[in-house]
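Colleague: Copying in the features that TrEMBL gives for the protein in this structure:
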- 102: active site, proton donor (ACT_SITE)
- 66, 90, 344: substrate binding site (BINDING)
- 185, 216: NAD(+) binding site (BINDING)
- 142: site 'Important for catalysis' (SITE)
């Protein structure tokens, strides 16, 4: 089942639990706007290259639409649509005043030079500048993009609309970016893990962890879990997987990867088969990479007691059912990885106010939002007798439905 079908299925289940009117349900599912643009740029060798860019704006009932821009060869309309819809529910679960959007360009960023990436970003921004804005749609970095990408977008947008720092988030600090934004998603994962484990009388300290993915989210989650006393016994990324039952030295591994060395070449652990990573024995499994990694084939063999979905849609619906039957507790992505969008909101607020916060305030506010969201999810689980995924989905869908009804959706 692809990401769009899975997200729509979760939405419909939440809608049924909430008893939503069928017309309202259909209205909430339909995107506000879908944009497809051709982005043609001159390459460094003088030839022309054309790429397809997408921006799906799903819903704006609760505020400006919000979502990342990803550069990846597998970007397609279905995936972007699913992730835009997921952002609508995620921002509602986190109680930040946004709707959902998502965008991307089908390209391989590693095969493009810095100047080619800049030209591509600027052409894409030129094509969509009238459809984004501080109070309309606020992009952010995602897979294959970063703070520099946002700086180019900000600069290109400002040529048309004047200086507008709040039009994108995840910017460099020198252009109005927020302190704490780089670590935000990983820090949110850590706070989410703390909240879940506390429900079961456990804590990060003394628990064993397996982490899949060591990009921005995975590396920060690993660092922060390690600092809290968690024992990370296996970890993997595209360059290999490693394990050490005594616990991996995460600061040393971060240094090793930052120096450009492959995961499998790290001396503080033994190399393991990457296919065994997700089914390795541990207390907590944290998938931080691509979607669909837990499926009906490997779910029966998962030995973790808890799964924290730091990636978007890492668990297929078929795997979800298998894991539930086996008593594995899954903390869903629309809550677990919402730290990024929460701190993006803080950045947007700071830009609009023209008043910047220190990092301690950013982190303290993030912890409050993550803790509050978890308590609201638990309340929905209790009142509707459902699991955490449905608790989160019903919380998000209900908040968007209420905002839609209050605004007068049939007018």
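Using N, Cα and C of the backbone, Cβ positions are placed for all residues, glycine too.
Unlike curated records, TrEMBL annotations are generated automatically.
Computed from a predicted structure; not experimentally measured.
Could you place these features in context, so I can see how deep they sit and what lies close by?
Modeller: Counting only same-chain residues six or more apart in sequence, the Cβ atoms lying under 8 angstroms from the Cβ of residue 90 (substrate binding site) belong to 100, 333, 334, 335, 338, 341, 396.
Long-range Cβ contacts of residue 185 (NAD(+) binding site) within its own chain (separation 6+, distance under 8 Å): 216, 217, 220, 310, 337, 339, 340.
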Colleague: With the substrate site defined by 66, 90, 344, which remaining residues of that chain have Cβ atoms positioned within 8 Å of the Cβ centroid?
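Modeller: The answer, listed by sequence position, is 67, 87, 91, 94, 96, 98, 100, 140, 338, 340, 341, 342, 345.
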Colleague: Take the Cβ of residue 216 (NAD(+) binding site) and count every other Cβ within 10 Å, whichever protein chain it belongs to.
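Modeller: Result for residue 216 (NAD(+) binding site): 18 other Cβ atoms within 10 Å.
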Colleague: Of the recorded positions listed here (66, 142, 344), which is spatially closest to residue 102 (active site, proton donor) when Cα positions are compared?
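Modeller: Given the candidates 66, 142, 344, the nearest one is 66.
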